[in-house]
């Protein structure tokens, strides 16, 4: 394996409180040294001047649609999109067909990722068999098969008793339960946030309370069991307030937000365009402000894409028939720059914390750091490069991107995955 | 007579009629005046050639008898060729997507597509995808602009003007496209709008449209000039939005007793089809304050006006 030197970049690694212009040396798939020259000559030197060098980015909430829905996305296409966009790891939700609810299916996910050869895919196993919310899955087998967390994905565990048992049982493996918080009785047939806009458009709304009630329930269950809950795709102010209180009380709870919930509001639905149909729905400006404040004060730990690919024919339907979801791997970094860095809400160190350090901690994987001796997963990005988001040039198989045409800044140039260098394709 | 029509149509610009919310005041006025022209010409049994050789497709994805018939007759009175298309007889049941269906219709040479669909915004999407004129015949709970217009026309004929009138919309506001189109249109013409119904059927935030919200019909009815009674759909009761039909009729049904609380010249409207004995009693529906049948003939005139304005202007010479 090649010995690499990443020369002349600005290393931002919040895991060791580092922000300095130093060289990074990589040998045998590990970080060999930072700053101090080792006693060997590199096989290849990457000119990183003007670039940020950060711990490999981790998108811990993606749907890769394989097995089962390969017209939307495959593990190969999703991981290609990932490395092209600066990610060295993805955590993949278990909602293929069949669901990833046993050891063999978890191993299939890692095997497919290995065959594709772009980046790591960490499987998330189902909480219940077939994600049906009835019986616990074989969590021990899932963990043996490589699962790093458990989730029933967008079918939240409705039965509080089953969620309680899952939180107890998963503690044997110190595995977090990823919770999509939604009381489905309150969101049935809903297509967008319930509020002034849904009233005006005559559309069935999904009230914020549907999320907030579920967040509160899971916080109480975390308290009851001592288990770990990580909330995915938080979208409303009330959820952030509940999470903040739970953290102050010392509970083992964490939270995640997706870029579309920061960059867009329910107003987008006045176009009737199904690309804006997501679950949880786009909310109001006040919710956006609360989510950003949650990121600033550390209440929200993670920024993830919620990447949910849908083939064009799926989305080209009437709003109530079109499926939920937007793709996000390839727009995550530049949209984060636009919504968080440019307005001054977060600096690069805080953003890398949310995109690498915290996801690694929550998933319990040995990533998210450039400390010498750790696995050499590294992202090199140009924070200044300006480009226009054009979904027709994306590597994802799907095109349901709500940011088409956005002029953005910030782009990945290289990733190093376990010591292997990948050059991102030029955009034009 | 034609100069009168051209004069009426002057404020119109636009290729579609999708809703009353986005309609400029002068376009609304053009629609109403053009509709008034056609109502008079219909009284004289006139036939026009404004849409001769043009194709109107009635694209109904939801059951309808009255509105569909009214649009079809309006098209024929303007000498268009009318094609009926309903979801039950279409390839939609074979899994074809809605947009593919619409593009096929366009390829058949449709000049006007009249669309009704249970999903809000479907006519707007058609207008975006297709190169034809689109008339919204009702999109979910969003808008039903021709119904709103015929209500406005009826109010103007009876009351002279909408300005300063108190108009109450009674019933299921939440699921009603008629309510929304009425609110936009009535407010543009200067009326004060009150919505009155069970708390579960009046949507949150509606007061932000500038309407007054009430749940007490007996309190509201004495100060109203117009009572527009929305149809109650029985399936709403099954989803727990109100306890029983009987209780609904008791609290919000307009019967002779409630009518006696109103001004003597109060105007009673109902978009139909009506449930006699539930939201309106037979005595009220057939009584002297009711203009339900006048609404139906105004509906024909309004739909002729809409078709003429989007696709028939400039064809007057051949008439």
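Just so you know, glycine gets a Cβ as well, placed from its N, Cα and C.
These features come from TrEMBL:
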type: BINDING; residues: A:61, A:63; note: Zn(2+) 1 binding site
type: BINDING; residues: A:63, A:64, A:65, A:279, A:324, A:325; note: substrate binding site
type: BINDING; residues: A:180; note: Zn(2+) 2 binding site
type: DOMAIN; residues: A:51-232; note: domain 'Dihydroorotase catalytic'
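Feature map: TrEMBL annotations on the structure.
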residue: A:61; record: Zn(2+) 1 binding site; contacts (Cβ under 8 Å, 6+ apart): A:91, A:93, A:178, A:232, A:233, A:256, A:258, A:302, A:304, A:305, A:306, A:307
residue: A:63; record: Zn(2+) 1 binding site; contacts (Cβ under 8 Å, 6+ apart): A:73, A:92, A:93, A:95, A:153, A:307, A:308, A:309, A:325
residue: A:64; record: substrate binding site; contacts (Cβ under 8 Å, 6+ apart): A:73, A:74, A:75, A:78, A:79, A:90, A:92, A:93, A:96, A:109, A:121, A:307, A:309
residue: A:65; record: substrate binding site; contacts (Cβ under 8 Å, 6+ apart): A:72, A:73, A:74, A:78, A:96, A:309
residue: A:180; record: Zn(2+) 2 binding site; contacts (Cβ under 8 Å, 6+ apart): A:151, A:152, A:153, A:154, A:155, A:156, A:232, A:233
residue: A:279; record: substrate binding site; contacts (Cβ under 8 Å, 6+ apart): A:154, A:182, A:187, A:206, A:324, A:325
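Around the Cβ of residue A:324 (substrate binding site), a 10 Å sphere holds 17 further Cβ atoms from the protein chains shown. Packing around residue A:325 (substrate binding site) is summarised by its Cβ count: 24 other Cβ atoms lie within 10 angstroms of its Cβ, all protein chains included.
The binding residues for substrate are recorded as A:63, A:64, A:65, A:279, A:324, A:325; their greatest pairwise CA distance is 17 Å.
Mapped onto three states, the DSSP output places residue A:64 (substrate binding site) in coil.
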